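**Q** Okay, handing you the structure first.
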Amino acid sequence: MGTTGEGLGRCSHALIRGVPESLASGEGAGAGLPALDLAKAQREHGVLGGKLRQRLGLQLLELPPEESLPLGPLLGDTAVIQGDTALITRPWSPARRPEVDGVRKALQDLGLRIVEMEDENATLDGTDVLFTGREFFVGLSKWTNHRGAEIVADTFRDFAVSTVPVWSPSHLRGLCGMGGPRTVVAGSSEAAQKAVRAMAVLTDHPYASLTLPDDAAADCLFLRPGLPGVPPFLLHRGGGDLPNSQEALQKLSDVTLVPVSCSELEKAGAGLSSLCLVLSTRHHS
């Protein structure tokens, strides 16, 4: 899922959106973000798309950049996908809400069942949602409130949904992620460790855990490709990013590590889970 959308099932499609010039100017939907190197950000984004298509074997769908949507590349915030259902989110920032329109149409065209968030009191960013393959955890953060979490539970009734307070400026996925089907990876900050402890109390499932030196490194994507006999992949920060955490990830012996850099895009608040939506609906494989 950008869970958000990666799910833990077999994947076939990935959705990304191009980097507009307005992101480089630091407009960031009025968020006052620092200016970034447009060419470098676009190179990072292009390499990510290439890894999704060529290394992971996914069919890549790329939405064009829109200058009116400077944070449009962070489309992982716009939907929560599991199976053939896509919950279209209601981002906390009103300036970001138009981002969902292009994503909604792309997912409709792929045949997914679309669920809308119609409650104006609800806010939900997709990168506050972690799907473990067995259950959902929804981070209660600056961007996501209780009503947003309730709508996740109403939408995905086949799975338990628990809320986790996020004690940091980050989204939940900026603190922890799935490093395998039964392994939670988390950063070493107090906020990340609090989130993992809260998840351990709430779950009925035993998960192994791996602590990484950097919180940002825990924002990774565990993916099972659609091709039979191909081992699962872990798309993670690499290419010079967070070298201490890259070394720690070598302990995950049951996945193929696929490194990708997003150090320039990170300046706009991007993590790997925000930069793509990966579909795991079986009828697309």
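Every residue gets a Cβ built from N, Cα and C, even glycine.
Keep in mind the model is a prediction, meaning the values are calculated, not measured.
Below are the features listed in TrEMBL for this protein:
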type     : residues : note
ACT_SITE : His171   : active site, proton donor
ACT_SITE : Cys276   : active site, nucleophile
**Q** Using a 10 Å radius around its CB, how many other CB atoms surround His171 (active site, proton donor)?
**A** 27
**Q** In Å, rounded, how far does the Cα of the residue listed as 'active site, proton donor' sit from the Cα of the residue listed as 'active site, nucleophile'?
**A** 16
